Amino acid sequence: MTQAGKKKKRAVNRSIMLAKKIIIKDGGTPQGIGSPSVYHAVIVIFLEFFAWGLLTAPTLGVLHETFPKHTFLMNGLIQGVKGLLSFLSAPLIGALSDVWGRKSFLLLTVFFTCAPIPLMKISPWWYFAVISVSGVFAVTFSVVFAYVADITQEHERSMAYGLVSATFAASLVTSPAIGAYLGRAYGDSLVVVLATAIALLDICFILVAVPESLPEKMRPASWGAPISWEQADPFASLKKVGQDSIVLLICITVFLSYLPEAGQYSSFFLYLRQIMGFSSESVAAFIAVLGILSIIAQTIVLSLLMRSIGNKNTILLGLGFQILQLAWYGFGSEPWMMWAAGAVAAMSSITFPAVSALVSRTADADQQGVVQGMITGIRGLCNGLGPALYGFIFYIFHVELNELPMPESSSGGSVVAQYHLQQNSIIPGPPFLFGACSVLLALLVALFIPEHTNLNVRSSNWKKHCGSHGHPHSPQAPGEAKEPLLQDTNV
């Protein structure tokens, strides 16, 4: 090696050591308060989504004011671009966090995910533009699940993931109602300032209190290791789908059932507010009730059904509830119908946990990461396609408002008569009816999935890839069936 090459190598090593010291104190002790724990991850998740939950009601109003003629189409495009960017970037960010550590990427994802918040009152156009672009870094859950996996044993991980998911649900149960009340009493500007302050608090908490979960694994040799395309390829898991007929049936079921669910999450609260005439408080109450019922369904009800009727029948029952829910949303024209369908929607939330449990029970031990990675990848793809598809269907059927919402009446409810569809709209919610048809196809496919089978997916290269940084891509290990009620790309 030449003298110049040796000097260059020494300079690179010094740069690596300097960057390493930024994250790790001298002596190898992680920066932060105490040892890395699940509670650090829980607080990060709670603060981020509590801040966004506060903006639920203001965002719905600003969205319609900014795009009065094509509200649902633009909402679908914004959320679709964000979801698609998240799907494309999640593997790369996950792989980089395996090298550089979790803390720096927690800071990065939270900062860029919350960056659009103060722009709501500064410039609505920039607000929605930055939301779309922020999808590149809107993968906080991936990094958090990796953080939790670093500091927990395998038998503890299911409970830890459940705690993170429950915290996510709890933040959305409370924050929309608080934001709606403050917005009505003091104006939306106060809500935006409060959400910005909570987001800054989250960033400060990560900087000061969150310790790095990977100090012992950070070595100069690994820091200089290149990231291969296989590690950053978002379609790596999807390439294995067709190699086993049972895996193919499961993945088709997940795609057909989650595509309408992702689209529904992106537009349903706007649909309640602008089309069905719900007040801001009613939307917040709907989110809270649906969240609580979903938590009950995914814990108590799910465990009872799994023991009594079996795994496959639980999946079929969940798909049946989802068909009923979507059809009810599609044909419902009164607010009480939305409330009744919401209760059914809570029961439909058992579908994906049951699918994950089926996979974890039937796949071989060395195939868990591969198959779970396929399912996670398909859901990520649906997070991009679903919102755009729903927005396009709303646009095709001309489901828009003819005028801005009227002030709310003294009784606290909205003047429903002012919320009306164009005369050429065939049904109140055409995308929901389309979603019901899609889930019906998923139900027919799921009928052919055997109750007990051994999944055999060839994974020579992918297994190695999954083993080195499988946490961000497939956070659900065997038996870990719980998922957040909403994806962090769709809040």
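Every residue gets a Cβ built from N, Cα and C, even glycine.
Residues or ranges marked as domain 'Major facilitator superfamily (MFS) profile' in TrEMBL: 37-454. Taken from TrEMBL, the feature transmembrane segment covers 38-57, 77-97, 104-120, 126-148, 160-183, 189-210, 246-263, 283-306, 313-331, 337-359, 380-397, 432-449. Summarising the annotation, TrEMBL assigns compositional bias 'Basic residues' to 462-472. Per TrEMBL, region 'Disordered' is recorded for 462-491.
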Let me check one thing: do the transmembrane segment (126-148) and the transmembrane segment (38-57) come into contact, meaning three or more Cβ pairs under 8 Å with sequence separation of at least 6? yes
Averaged pLDDT, computed only over the residues in the domain 'Major facilitator superfamily (MFS) profile' (37-454): 79
Long-range Cβ neighbours of the transmembrane segment (189-210) (under 8 Å; 6 or more residues past either end): 32-33, 36, 40, 43-44, 47-48, 50-52, 54-55, 57-58, 103, 106-107, 110-111, 114, 117-118, 120-121, 179, 182-183
Rank 38-57, 283-306, 337-359 by Cβ pairs under 8 Å to the transmembrane segment (246-263) and hand me the top one. 337-359
Among the ranges 283-306, 313-331, 337-359, 380-397, 432-449, the one whose Cβ pairs under 8 Å to the transmembrane segment (38-57) are most numerous: 283-306
Top stretch among 104-120, 283-306, 313-331, 380-397 for CB pairs under 8 A with the transmembrane segment (432-449)? 313-331
Long-range Cβ neighbours of the transmembrane segment (283-306) (under 8 Å; 6 or more residues past either end): 56-57, 60, 166, 169-170, 172-174, 176-177, 179-181, 269, 272-273, 313-314, 317, 338-339, 342-343, 345-347, 349-350, 353-354, 357, 481-482, 485
Positions whose Cβ lies under 8 angstroms from the transmembrane segment (380-397), at least six residues beyond its ends: 70, 72-87, 90, 234, 238, 255, 258-267, 425-427, 430-431, 434-435, 487, 489-490
